[in-house]
Amino acid sequence: MPTMELQEVELNNAEKGQMGSKSGGVFLTWNDLWVTVSTKKSGSKSILKGLTGYARPSELLAVMGPSGCGKSTLLDALAGRLDFSTRQSGDILINGHKQKLSYGTSAYVTQDETLLATLTVKEAVYYSAQLQLPDSMTKSEKKQIAEQTIKEMGLHDAMNTRIGGFGNKGISGGEKRRLSVCMEILTRPKLLFLDEPTSGLDSAASYYVMSGISRQREGRTIIASIHQPSAEVFNLFHSLCLLSSGRTVYFGPASAAIEFFTRNGFPCPHLQNPSDHFLKTINKDFDEDIEQGLAGGKPTEEVIDLLINSYKQSERYHEVQNQVAEICHQGGEMLEKRSHANFTTQSLVLTRRSSINMFRDPGYYWMRFATYIAIALSLGSIYYNVGSNYRSIEERGLMVAFVVSFMTFMTVGGFPSFVEDMKVFQRENLNGHYGCFSFVIGNTLSSMPYVLLISWVPGVIAYFLAGFQNGFGHFIYFALVLFTSMMVVESLMMNVAAIVPNFLMGIVTGAGIQGLQILSGGYFQLPSELPKAIWKYPLYYMSFHKYAYQGMFKNEFEGLKFTDDMFGNNHIMSGEEVLRDRWQAEMGHSKWVDLVILLGILILYRLVFFLIIKTKEKFVHARKASTSILSNRSTQIMAKSLPPSPLHGLTPSHDILTNNR
């Protein structure tokens, strides 16, 4: 097994020099960073207020503070992940340059674990490696890097354990966090962001997660927001950025933070966790005074102001300003986007991964399959051998309507699984693992065999028990319409999942849309009786049920003869008469045209799904691009204010204040 250094050399060689110097790291600086959000009451609210700081290679920077202080907002701003509802000002520079974080240059691990619960740890990392690493690497090389990364994060013993989720026991919460990190560092990014990596974990699990992350710091710049670390975890930090209400209380070496608080009259009690002491001192969430004995029991707001002012007047503050200016002056390499697997490889890997997930998740298709079998047996029993008398006309119509309307309607049962798929896609797409079209192709191809199974097997049972038209061609058409209709509804629910990612609201929305299409489809109210406004034009022609009803009616009634024995006259009616007079079918085209239109609706729905997720992706990339447009003027001023001998003296405070104006 090659060492990590050897693997990184292999990865860099595969990139054909795109990453520049292997030894170069990422110096990230931010100067006078403000982030505001619009509000209804006051017009706007500042979340971050003039923050200045830096992160250096091979170091772990911890961003701490009470809830709502701006930790996650700072990470999102630095990573270019703020949404368009926020406004950002200030300078964020990478190695002294204005540049956006492209694929492979950085990784972001979110607080929530969005993982496919049915996969094992090894499968999850291996598929991620197949998607992210370039095609110039062989499968065995990708697998080798995946296994080595698993070992580095301490997940070797859990390699063959399924991730698990709701109702399914799997790996622990700490292992899920390490797995999330593992999947993001496969490309050996130089910059790693972690949002609350220890949230919801006990102290032991938190330590194992953070120690595993700390071991990955060599040559990598790591910034982690963390709420309340244990003393052992706190000792892993190199630098500390302590925030309160969007303002910097302290920035500097983590080991010097205790001295800073002590010097200002807030010593950390003996044997107390330093992070607990810091947060208790600056937490004003409960609007209570701090304990007696700390500066005479001053109100928390006054204590925070005292600490902030003390920090701004301290030597540490000027050192931070000087360090930021020095980094900007010295500059460094420009980070360039890495290549990953091509479209074909991504589509095949996503198809295979999605197929495994669908096969192992009973809620995706298997529960519906069992339900469809029961419904098909029930339909076949109720409408057993309908015959060809006058009454069979209504029975055939009722059965066709039930199959097209309600058997397809039950596809909403897979909506929770669609939502989970969308969460995984959004995380991986945001991190640049693969594109939107690859996901659409993979999802479509993987679902087709299962939809074919749950449509054809129940279709065989219901069709032949009811005694529908003899002939293999008639059954094939029946099964094709049922299959296509189910795929259309699946596509509809995927569109809903992309817009309304909430279980309850999504199911209600999808069911409502289908209900309108069923009502306007031409069965429950004949086409000539539908109100012209809205129901006939345009809903009747937009509903896929219209074409499914008419195609199945033509398939079932054309060529048959029915005996009208209701009044003893034994009048013979042809199937074509029934289609024209009873069902008001459009006889100007064949049933195959209806099937082609259904296929067209299916393609249209999938294209709409692609456009929805592609539009969201464009918005995200547009936001990243907008946050990379930084001020040249402030950079030049900072360079001018740099003293001749960096770090041998302090930058005058009035020069630094000029930088921020």
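Note that Cβ sites are derived from N, Cα and C of the backbone, with glycine treated the same way.
If you look up TrEMBL, you'll see 28-270 marked as domain 'ABC transporter'.
Sequence annotations record features per position, and here TrEMBL assigns region 'Disordered' to 641-661.
Annotation comment: TrEMBL describes 365-386 (among others) as transmembrane segment.
What TrEMBL records for 398-419 (among others) is transmembrane segment.
The transmembrane segment annotation in TrEMBL covers 448-468 (among others). Sequence-distant contacts of the transmembrane segment (448-468), counting only residues of its own chain at least 6 positions beyond either end whose CB sits under 8 Å from a CB of the stretch, comprise 355, 358-359, 364-365, 368-369, 372-373, 375-377, 379-381, 383-387, 396, 399, 403, 407, 474-475, 478-479, 482-483, 486-487, 490, 556.
TrEMBL lists 475-500 (among others) with the feature transmembrane segment.
TrEMBL lists 592-613 (among others) with the feature transmembrane segment. For the transmembrane segment (592-613), the list of distant contacts is 425, 429, 436-437, 439-440, 444, 477, 480-481, 484-485, 487-488, 491-492, 494-495, 498-499, 544, 547-548, 550-551, 554: same-chain residues at least six beyond its ends, Cβ to Cβ under 8 Å.
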- prompt: Same chain, outside the transmembrane segment (365-386) by at least 6, Cβ under 8 Å from its Cβ: which residues?
  reply: 358, 392, 395-396, 398-399, 402-403, 407, 410-411, 413-414, 450-451, 453-455, 457-459, 461-462, 464-468
- request: Summarise the model confidence on the domain 'ABC transporter' (28-270) as a single mean pLDDT, whole number.
  value: 89
